Amino acid sequence: MSDLPLPPAFRQLGHSGIAVSPIAWGMWRLAENGRTPADAAKLVHAALDAGINFLDTADIYGFDGSAGFGDAEALLGEVLAAEPALRERMILATKGGILPPLPYDQSADYLRKAIDDSLARLKVDVIDLWQIHRPDILAHPYEVARVLDDAVSSGKVRALGVSNFTKDQIAALNHFLGEKLATTQPEISPLRIDCFENGELDQAMMLGLTPMAWSPLGGGRLASPQTARDKAVADALDAVAQAQGVSRTVAAYSWLMAHPAGIVPIIGSQQAARIAEGAEALKVRWNRQDWYAVLVAARGERLP
């Protein structure tokens with residue numbers, strides 16, 4: 001029963017040369033509930049103090065259907081303006097390309113503006129990782145690539161990524177890019193296992209992309225499983241969690257991190273203790289039998 005390797009203290013972000021923690025903190029809900037810059041600063045410190053240096057946001061975060069576009073970036077920008085030294089401790093990722101109500105715009109003019117606007121809201125000179133949030137079917141990948149390459153060559157962006165792209169969309173964009181993609185961000189969790197068998201992670205390994213997993217806890221379904229399948233997955237995670245003295249949440253993060261593609265789960269919580277807890281996943285060791293037990297539970301049938 002062979003053990004799988006523990007994740008390294010830092011992962012390389014694709015071929016970019018940027019080193020990131022093997023787990024990230026996401027700020028989808030940072031601007032909710034009247035959170036102040038002081039409140040947000042406590043969360044940033046919680047992540048950094050736990051060794052989580054990879055922070056992921058997006059220009060759409062904060063939008064409530066009528067207002068709030070850019071609010072999460074702007075709130076983080078206030079934190080960085082008040083404590084400039086924090087910027088040197090983090091790898092900062094953001095996303096753009098969703099523009100309600102269109103819903104997507106990756107025209108050259110809009111992409112340039114989106115990057116500049118994010119820089120302004122974040123109050124930074126450079127974005128470490130800029131990602132296209134969702135694909136615009138009306139945008140030619142050649143034109144998109146030109147804008148992204150320009151953003152890198154001008155020093156506004158260090159590395160490039162995509163989110164919610166299909167394998168073919170990744171291949172098409174990467175073909176035209178001079179500065180090749182460093183990351184892909186699909187939904188991955190013990191309850192969302194498509195990418196393990198549909199070739200997405202195989203492509204990531206082939207191209208040297210770092211997969212970033214959004215919603216790694218299945219949108220809260222792992223915390224309160226309702227279906228027989230979800231309960232079976234939770235039970236399989238609990239077997240390892242209880243043996244190693246961690247929570248089911250931590251076991252779920254570590255299960256993703258054990259995959260050879262180097263998946264980086266994105267913590268979605270906006271609670272300091274839950275953010276810090278995520279760092280415990282680096283210490284959880286999986287063996288093949290236990291890892292496959294989770295996969296089999298998620299599939300709902302035995303492997304062939």
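Just so you know, glycine gets a Cβ as well, placed from its N, Cα and C.
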NADP(+) site partner of TRP28, ARG29, SER163, ASN164, GLN185, SER215, LEU217, GLY219, GLY268, SER269, GLN270, ARG274 (as recorded in Swiss-Prot), chosen from ASP56, ASP59, ASP128:
ASP56
May I ask you to find which of TYR61, TYR253 Swiss-Prot records for the D-glucose site already listed with HIS133, ARG134?
TYR61
Within 10 Å of its Cβ, which one of these binding-site residues (HIS133, ARG134, ARG274) has the largest number of other Cβ atoms?
HIS133
Sparsest-packed among the recorded positions, when each Cβ's other Cβ atoms within 10 Å are tallied, from TRP28, TYR61:
TRP28
Can you name the recorded positions among ASP56, TYR61, ASN164 whose CA is within 10 A of the CA of HIS133 (D-glucose binding site)?
ASN164
Please report the Cα separation of ASN164 (NADP(+) binding site) and ARG134 (D-glucose binding site) in Å, rounded to an integer.
5
Intrachain C-beta neighbours of SER269 (NADP(+) binding site), sequence separation six or more, cut-off 8 angstroms:
ILE275, GLY278
C-beta crowding around GLY219 (NADP(+) binding site), within 10 angstroms:
14
